[in-house]
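Reviewing the structure listed below.
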Amino acid sequence: MADSNGTITVEELKKLLEQWNLVIGFLFLTWICLLQFAYANRNRFLYIIKLIFLWLLWPVTLACFVLAAVYRINWITGGIAIAMACLVGLMWLSYFIASFRLFARTRSMWSFNPETNILLNVPLHGTILTRPLLESELVIGAVILRGHLRIAGHHLGRCDIKDLPKEITVATSRTLSYYKLGASQRVAGDSGFAAYSRYRIGNYKLNTDHSSSSDNIALLVQ
């Protein structure tokens, strides 16, 4: 039985844990798998699940602090809950502002990725392929293995080394960086590698008009 003040006893807590141990174990195992294997360039299915979890954490966290402020234990905890609710709300708002700015720059739904606001854009076969990056590097590597292209670890489809784009870009909510194709080397027929080096950065907007040249993939934002 619960105490008169609404708390539970140690024995009741032990029984509760015994009943829910299996479920808690599965939840922790799921979280471990998401943290260890859910990367955009490894397992796209697990990565999407992780993004959904991250999206849901924002409103759930905000709701927890709001409820803690409404049903406060005392004024001190209520004040802390209000401050944390304001902080989470501002962080959530800044995420949406950065995401919409990035979407205006790239027109890609990857702009709303809660894990990163850096997007790789590769023009290939008349289509601009966009993938998330965790950080913007000075040099980005491209590898072709048996005719399959990987850039920054992302599989982008079939491509011959002579058909590699001359330029790729990396977009953030504030800038668009140009990367120029540098050294490239064919290895064993349909395999090879290349490197793209950053040579320009500015307030540009990705040109999504696929009818234009694939080498002209960005426009200056006025």
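Residue 1 is the first one shown; counting continues down the chain.
Every residue, even glycine, has its Cβ placed from backbone N, Cα and C.
Swiss-Prot annotations:
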type	residues	note
TOPO_DOM	2-16	topological domain 'Virion surface'
CARBOHYD	Asn5	N-linked glycosylation site
TRANSMEM	17-36	transmembrane segment
TOPO_DOM	37-44	topological domain 'Intravirion'
TRANSMEM	45-70	transmembrane segment
TOPO_DOM	71-75	topological domain 'Virion surface'
TRANSMEM	76-105	transmembrane segment
TOPO_DOM	106-222	topological domain 'Intravirion'
| message | For the topological domain 'Virion surface' (71-75), give me same-chain residues lying six or more residues beyond its boundaries with a C-beta closer than 8 angstroms to one of its C-beta atoms, as numbers and ranges. | response | 81
| Which residue counts does DSSP yield for the topological domain 'Virion surface' (71-75) in the helix, strand and coil classes, in that order? | 1 helix, 0 strand, 4 coil
| query | Which residues, given as numbers and ranges, are at least 6 beyond the ends of the topological domain 'Intravirion' (37-44) yet have a Cβ under 8 Å from it? | reply | 50, 131-132, 150, 152-155
